[in-house]
Structures are given as structure tokens and as C-alpha cells.
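Q: Annotations per Swiss-Prot:
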TRANSMEM  12-31  transmembrane segment
TRANSMEM  51-73  transmembrane segment
TRANSMEM  93-115  transmembrane segment
TRANSMEM  125-147  transmembrane segment
TRANSMEM  160-179  transmembrane segment
TRANSMEM  189-211  transmembrane segment
TRANSMEM  238-260  transmembrane segment
TRANSMEM  275-297  transmembrane segment
TRANSMEM  318-340  transmembrane segment
TRANSMEM  350-372  transmembrane segment
TRANSMEM  393-415  transmembrane segment
TRANSMEM  419-441  transmembrane segment
Amino acid sequence: MHVAPTTELKALLRLAGPLIASQLAHMLMVLTDTLMMARISPQALAGGGLGAASYSFVSIFCLGVIAAVGTLVAIRKGANDIEGATRLAQNGLWLAWALALFAALVLWNLEPVLLLFGQKPENVASAAEFLTLLPLALPGYLTFMALRGFTSALGRSTPVMVISLFGTVLNYLFNVALIEGMFGLPKLGLMGIGLVTAVVSMGMATALALYIRWHPAYTAYPLRKGLSRPSLAALRELWRLGLPIGGTYMVEVGLFAFAALCMGVLGSTELAAHQIALQIVSTAFMVPTGLSYAVTMRVGLYYGAGNLLAARSAGRVGIGFGAMIMFAFATLFLLLPEALVGLFIDRNDPAFAAIFQVAVQLLMVAAWFELFDGMQTIAMGSIRGLKDAKTTFLIGLVCYWLVGAPSAWLFTFTLGGGAVGIWWGLALGLACAAVALTFGFEWRMKRLLGKAGVRTEAAVSA
């Protein structure tokens, strides 16, 4: 059965709006932690930044694996398999806890690895201090993300937004209290920032769990019943889909880490400009990220129900609408780059004049960069809704590391393109991914429709 594009767009926006807001809230939490590090000392900012980068790199893989929960629950819900959806959500929690333990052990033993990679001992010491309590945030964070996937798959993403916004406010207040030693609390420095993140993450997970436990909308999905008995079959299904998603997240994060290293080779001015421009681009990127999650749920819902025409329509609507939104951001970057960079640094300050100019140049490239990045992440979400993450991983690996990274190196160091050359290389890799993933979604749909040709034709003629 076909679904009108306007009808699908309304349903998509109802689901995506709160998810976008929750993404922005999470970004604000990260920004708050960075600002708090700067309030302690320059050394705390450098070492804490190293620890935060290490935490992000490890946790992003876990986050990708847990993303499978929402996809598979949506497919089961579409198939009206309530018991199967419940079982997958329960085992998603077990998987989240196992990943949290594994990631925490890695982070607690990361100090020798950082030293091996040539990091300054004083920065490694500060990073180790930050990572003393920060890994305790992982059980709460991954539990929250698993439950977020579950409730979003049921079409209820508003509680995720509300809890995320409250968590952002509490994160700021608790950080200030521990850094300033207010209300008789000790000044815990970097360790305190990690502690606050852990407490807030656990609080957010608890709040969402209690909401799901008490709200009547979830009565048909008793997560507590049978939670103590994990299913190996369900865990394997989650792992098979989640592993390539986690791998895709890591190769994309790795591409941007490569870009930062290239900027560092060029100099401090280029690296600082890169960080400012990337902060602006990352904020805008929260919109297609939220849309991508929502598109995955919508496509998965129809795919599980066997309504392949509606699944194709949901993917196309998401990709098309995402392209329109990112075109608007691209126009903004082209028309107002100075104003956007001026939100971060003063163009009239001689100390920042060179950084300002480079950041403006990067933002002009980001107009194309952002358009392609938005399209590729939504197309990726569409394919995952069809229970296929291997295709997205392979396309991402090829486009990011066989096109994007070599192009960035070629444009910068061989052709002398400087910082702008790195971003043109990234844009080329993302453009390759956007085209390949969009065609990949259409190819997957064509194959599925071909296999179900008799039923589909019957449904259309009816």
C-alpha cells in the first residue's frame, strides 16, 4: 500500500523533531564539559580534551551497536510481533551493559596506549584523571540509548527530548557546583566533571526507564517480565546488525580524526580554525542525525509490515526533505560565514585574525560538505531500516577512506591547497557516500520489490 508523501512527512517530523532536540541537548552537554575544563586551567582543557576524545572514540562504537535496538524493534512492531519487540528491547539492555563493561575496562587501561602514541605525559595524566570516573557514565548512557531506540520505534520520542533537556540543565548546574565547591561540596576538578556526567547519565536512564514502566502506552511491552533471562538468539541478532553500524560510526569518526591530524601538521592556526568550523557544522548536523534515526524507524516499521512501497516512500521522503534542510544550511554558510564564525571569536582581535580568515574559508567549503553529509547519513538510515548495515559499512569504508582521506591528503600536501584542501577532500568523500548510499537504497528496494513482485502488484491493483 502506497503512503502519500505529505502524510509520511508529517509522521516523520513528529518522530524526528524530539530526536533532533535530544541530539542538540547532548551536544550542549559535551560543550558544557569543555567549557568547565577551560574554567579549571589550560592544562585541564588540554588533558581533559584528550580524555574526552578517547571516551568519544570508544563510546561511539558502543552507540552504533546499540542503534540496532531501535531498528529491530521497529521491524518487529511493523510485523505486529509484540513479544519479539519486547524480547529485543530486553536483550538490547543486556548488550548495553556488556558493552559498557568492556568499554570501561578499555578506558581505564588507556594510559599506556596514549603514551605510546606520543602524547605528552602531563596531558596523559590529566586525561587519566578525567577518565577515572567518566567510564561510570557508560552503563547509564547506553541504557538510555537502548531505551531511546525502543520508545522511538514505538513512535514515542517526546519523553527522550524532555529527559535530555532536563539532563543538560542538571549537567551544567552540577558541574558548576563541583568546580566552584558550592554548598560545601569538594572541588573535584576533572574528576568532578566525569562524576557529574556519570550521575546525570544514570539519572536520565532511570527517568526514561520509570516513564516506560508507568506509562500505559507501554503496557503491551512488559520489559521487566523475563528481563533476567537473556536470549542468545536475540543477542546474536542485535550483534549482527549492530556490529557493522558501530564499525561505520568508527570509520567516519576516524576520517575526521585524520582531518584534525592533517590540520595539526599545517599549524595551530589551521587546527584552531578547523575546530571552530567543525563546531558550527556539527551543530547543523544534529538535524539530519535526528532525521536519520526517525527515517530508520519509519522504514523499519513498513519493512516489518511487508509494505515495501511505503518503506521506499519513507526513505525517499526522508532523503529529499533532508537534502532541502541541508541546502538551507548550505545557503546560510555561503551568505553569512563571517557572522557564524564571529559567534566564537572576535574578528577584530589581532590574536584571532588569521584563525578567523581560515575558519571563514572552511565554512564556505562546508556549504557543499554539509549538503552531502546530511544526505548520506539519512540514506544510511534508510538502508538500515531494511535490516542491512553491511552495505552502509562497506560504502562508508570505501568512500571515507579510499576517496575522502586520500583526496584530502592530495589536495593539501601534493597540490598545496592548505586547510581548505582538507575540507574539499572530506566533501568529495561525503559526496561519494551520499550518491552511493542513495543509489544503494534504491537498489535494495528494487531487489526487495522484485522478490515480492506478485504480492506487490496485487496490493497496488487492489
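Residue numbers in this text run from 1 along the chain shown.
Cβ from N, Cα, C; glycine included.
Since we're looking at a predicted model, the values are computed, not measured.
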Q: Pairs of Cβ atoms less than 8 Å apart decide it: which stretch in 12-31, 189-211, 238-260, 393-415, 419-441 has the most with the transmembrane segment (125-147)?
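A: Most contacts with the transmembrane segment (125-147): 189-211.
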Q: Let me spell it out: take the transmembrane segment (12-31), skip the flanking residues so only those 6+ beyond its ends count, and list any with a Cβ under 8 Å from a Cβ in it.
A: 52, 148, 152, 155, 157-158, 160-161, 164-165, 167-168, 171, 197, 200, 282-283, 286-287, 289-291, 293-295, 297-298, 314, 317-318, 321
Q: Considering only Cβ pairs within less than 8 angstroms, which of the stretches 93-115, 189-211, 350-372, 393-415, 419-441 has the most against the transmembrane segment (51-73)?
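A: Maximum Cβ contact count belongs to 93-115.
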Q: Count the Cβ pairs between the transmembrane segment (419-441) and the transmembrane segment (238-260) that lie under 8 angstroms and are 6 or more residues apart in sequence, then report whether there are at least 3.
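A: Stretch pair touches.
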Q: Between the stretches 93-115, 238-260, 350-372, which one has more Cβ pairs under 8 Å with the transmembrane segment (393-415) than any other?
A: 238-260
Q: Determine which residues of the chain contact the transmembrane segment (350-372) at the Cβ level, with the cut-off under 8 Å and only residues 6 or more beyond its ends counted.
A: 269-270, 272-274, 276-277, 280-281, 284-285, 323, 326-327, 329-331, 333-334, 337-338, 340-342, 344, 419-420, 423-424, 426-427, 430-431, 433-434
